[in-house]
Structures are given as structure tokens and as C-alpha cells.
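As C-alpha cells, the structure follows; a few thoughts come after it.
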């Protein structure tokens, strides 16, 4: 038996860090939404009980360092499943990009194995398991648009934002999320986003207010470490983007654009500067369907 599950990328419309927690994590407040750039995770039942993984990108780890592998190992142990699984990840989301590709692969694996192994778990139960793998995994289990709080595992679902084009551009570097958080001085943050205003913008589908409300406290840290990120931001703004922000810990930057004519201009300007440029749409509602 074989199942395929889409694993969409996410972008942060806001990312705020409120405090460093005693457990070493940070208390965050983030508005996130999934976009239609997606990996695909194929899962094939193994009767020998083994868990194996292959990926279309050769540099992606195929062991416990991989979030999807970790998800399968956790599910098998937690529910004492006799069978195993072979995972194949068709990688379309750039790695170490601030787009939660690894977390989304893990979430897709949880959803797929729930069906493949006939576990009968709810999305809420899967999200709780996902929190043991990584802070972005619970959001990725649900998809759509949501406010994430706590260390990212507490999810409040939101309606769809105003429809628009999203242009993603990733410079040819990887960014370590622990390194970015390690360089963040919470007491010195002076660019906290207005999360309430963003929630209002989404509730009213106000595109202009959504662009005004974009904010990410990790952006200045990554910009100081990687000047290429600022160059991409500046190029997007100069080319007429309505709103521009770095996603997650970076280095991917996204532009929000309402008029299609602008999309081509911004895309062409970026393609002369970086290789990884994607034009996508927000998925809006909860996503992550099982394909087959």
C-alpha cells in the first residue's frame, strides 16, 4: 500500500519573540500561512518493520536528523506498530530557508502514517505528537492560516488572508535557526510587529493593512549576518512590491503583490540576482490533503 501527501511551505506574516523560556525555547507569537509551493511525501508500507527514507535532494539526511524520519520513528514507537514504512520525499521547498520544509515533511508523514497504519488519530492528536518533533510541526499538521503561540505549538485557526501573489526569493545560503535565536537579544528588540493589527487585516481581508502589519523580529539578526538578504529586500521594494518580509529565521524573503503586472517585473528583477525564485499563492484555508 502506498500513500502520497502534500507538504506545503509556510511563510510568517508576523514573528514576534516575547521572552526566553526556562526550558530553553522562546515564547513566540506568530501569524503563519501556507503557500502552494510544496514537497510531496510518498509512503510505502513495509512488512519487515523497517523505516527507510530517500529524497530527491541528495544532501537531505536520511536518518533521525530528518524530521520526517523522526516522525515515523516516533509514531511507530508510540503506537507499537509492527509494520514499517519507506518514505520518499520529492523536495521542492528549499532547505534551511525559513519556509518550514522539514517541519512540513514531518507533518505530512504524521498525516500519511495515520492512514497507512490505520491509527485513527485526530488532527489535534497528530499536532500534539508533532510538537515533540519541532515547534513548527503542529502548525504544519493543520496548514491554512493561524496564530501560533507558546513555543509555536499552540494553534488558533484564522480565516483566509486577502488574495494576492507571493514571490519567494532565497539567496544561495542556508541559515541555522538556533544560530539566529542565539544572536537575538530579547530585551533589546525594538521592532515588535503589531500582531493584533495583522489579525484585524486577515479578519477583514484588508490587503493594504496586511502589508503594513508585516513584521519579523528575527529579520535584523539575519540581515546583520547575511547582507544578501537585505539586497533581496531592497530589490523587491524598488521593483514595486506592496509588502516585503523575511520568513522565519530566513534567508528567504517574500513579496506580497496584488497586481499581476507587477509580479512579472519583480520576478524578472529577482531572477537576475538569485536562482531560487518562486511565484505562489496563499492556500488560505486548512490544507495538507492526502493525494492517493
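Even glycines carry a Cβ here, placed using N, Cα and C.
Keep in mind that this is a model prediction, so the values were computed, not measured.
The feature active site is assigned by Swiss-Prot to 10 (among others), with sequence analysis given as support. Look at residue 10 (active site): DSSP puts it in a strand. Over all protein chains present, the Cβ of residue 10 (active site) has 30 other Cβ atoms lying within 10 Å.
Of all Cβ atoms in the protein chains displayed, 29 besides its own lie within 10 Å of the Cβ of residue 136 (active site). Residues or ranges marked as active site by Swiss-Prot on the basis of sequence analysis: 136 (among others).
Look at Swiss-Prot and you will find 94, 95, 96, 97, 98, 99, 100, 101, 102, 103, 104 tagged as ATP binding site. Residue 94 (ATP binding site) carries neither a helix nor a strand DSSP state and counts as coil.
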Densest Cβ neighbourhood among 96, 100 (binding-site residues), 10 Å radius: 100
Spatial neighbours of residue 10 (active site), counting only the binding-site residues 96, 98, 100, 104 and Cα distances within 10 Å: 98, 100, 104
Nearest-integer angstrom distance between the alpha carbons (Cα) of residue 94 (ATP binding site) and residue 136 (active site): 16
